[in-house]
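K.L.:
Got a structure for you, written out below as structure tokens; questions coming shortly.
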Amino acid sequence: MTRDLTITAVHLTPILVADPPLLNTQGVHQPYTPRLIVEVETADGVTGVGETYGDAKYLELARPFAAKLVGRQVSDLNGLFTLADEVAVDSSRVFGQVDVGGLRGVQTADKLRLSVVSGFEVACLDALGKALGLPVHALLGGKVRDAVEYSAYLFYKWADHPEGVASEKDDWGAAVDPAGVVAQARAFTERYGFTSFKLKGGVFPPEEEIAAVKALAEAFPGHPLRLDPNGAWSVETSLKVAAELGDVLEYLEDPALGTPAMAEVAAKTGVPLATNMCVTTFAEIQEAFTKGAVQVVLSDHHYWGGLRNTQQLAAVCRTFGVGVSMHSNTHLGISLAAMTHVAATVPDLHHACDSHYPWQSEDVLTERLAFDGGKVAVSDAPGLGVALDRERLAFLHRRWLDDDGTLRDRDDAAAMRVADPEWVTPSVPRW
């Protein structure tokens with residue numbers, strides 16, 4: 001039977017989801033963070049779902065982009081990029097701007113468009129898979145593994161958000177010293193079975209973070225460890241940390257900011273360097289690889305424009321002998337399912353992927369994805385293998401509607417100023 005894959009409707013639902021007080025070099029996570037849920041409906045009544053960033057700058061592009069999709073085929077994945085190029089980007093969103101957290105370098109119109117396209121591409125793949133009775137990984141060429149390994153994503157963390165700030169309670173407790181970090185790692189292991197650990201650094205002086213990693217190495221001997229200060233260190237400091245931790249680190253992630261600084265660090269240490277900051281588009285690959293600045297690229301389908309571009313990135317990395325794994329920002333189950341499907345198709349995935357998912361107490365799915373032994377099983381159900389919980393989606397959307405605009409754009413520095421009114425985003429290198 002021929003299926004009618006014509007897109008008849010696209011629904012965009014911005015939401016606010018609870019986020020714990022996780023610390024980074026920019027500040028602290030807000031009590032709620034914005035996400036955008038994308039739904040694509042076909043003439044046959046099939047609905048596909050996707051997820052991406054929900055900040056205003058992405059919504060401004062997603063709305064006109066969604067209108068252009070109606071009447072097109074859900075299978076026209078290449079056409080998504082052509083359509084995205086037709087959507088104008090407000091120059092104030094990109095001129096001289098650095099994205100929140102500085103995680104992608106200088107913001108560009110193309111980077112904004114790719115993040116929007118990623119959510120729609122996943123939704124189209126989900127719908128196409130459901131229509132054909134095939135899982136997304138089959139549409140991507142087939143899986144090479146039945147489960148994808150993830151690492152425990154450790155953060156320095158306050159016990160609660162500042163007093164007087166509306167927020168959801170969590171049971172993780174505080175982690176502001178080596179003992180707290182180790183306790184957090186043990187909790188991750190007990191709950192989810194993780195066997196590798198990543199610590200978000202750039203929060204405290206390097207000596208304190210070195211002590212935390214050494215404490216992890218003592219508590220979990222032989223387990224892969226990573227440290228990520230988000231470019232907060234100078235080249236000199238990066239080299240000192242690498243010398244101190246070289247015998248326990250799997251890799252050091254973005255110790256210094258930018259490709260030239262990373263290349264200088266890489267030239268003077270044997271510790272592999274990973275990045276999700278200086279290689280976030282195809283245009284940034286040549287300089288980084290030519291200069292030997294990175295040994296592992298942490299892909300993120302929200303950055304790169306979707307799952308198929310993620311596969312292309314993995315192929316380029318394989319060609320140049322550069323490792324590949326996956327970066328994570330705050331996300332829900334739709335994105336974790338998408339990550340798992342594409343990760344299952346990448347042959348040379350030699351490092352556990354990152355995921356914030358354990359930190360998110362809320363979701364929009366009828367059933368949360370589960371970690372078993374630190375891994376997520378690859379679904380063989382049609383599409384992504386997930387289903388929306390309409391009541392939860394409506395609840396989280398209502399929270400977004402009720403917000404006065406304060407939380408509709410992620411701003412870790414603004415969240416920190418609630419606790420410390422004198423806080424300013426630190427200049428880099430911070431140490």
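Just so you know, glycine gets a Cβ as well, placed from its N, Cα and C.
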K.L.:
Look at the substrate binding annotation in Swiss-Prot, where HIS29, THR108, TYR153, LYS198, ASP228, PRO229, ASN230, ASN276, HIS327, SER328, ASN329, HIS356 are given, and name the residue from ARG408, ARG410 listed for that site too.
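P.N.:
The one candidate that Swiss-Prot places in that substrate site: ARG410.
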K.L.:
Identify, in sequence order, the residues in the chain of HIS29 (substrate binding site) that are 6 or more apart from it along the sequence and have a CB within less than 8 Å of its CB; answer 'none' if there are none.
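P.N.:
Within the chain, HIS29 (substrate binding site) has Cβ neighbours under 8 Å at ASP19, PRO20, PRO21, LEU22, LEU23, THR330, ASP412, ALA415.
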K.L.:
Using only the residues recorded as binding substrate (HIS29, THR108, TYR153, LYS198, ASP228, PRO229, ASN230, ASN276, HIS327, SER328, ASN329, HIS356, ARG410), report the maximum Cα-Cα distance in Å, whole number please.
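P.N.:
Farthest-apart Cα atoms in HIS29, THR108, TYR153, LYS198, ASP228, PRO229, ASN230, ASN276, HIS327, SER328, ASN329, HIS356, ARG410 are separated by 29 Å.
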K.L.:
If you measure ASN329 (substrate binding site) to ASN276 (Mg(2+) binding site) at Cα, how many Å is it?
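P.N.:
For ASN329 (substrate binding site) versus ASN276 (Mg(2+) binding site), the Cα atoms are 11 Å apart.
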K.L.:
Rounded to a whole number, how many Å is the Cα of ASN276 (Mg(2+) binding site) away from the Cα of HIS327 (substrate binding site)?
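P.N.:
It is 6 Å, counting Cα to Cα.
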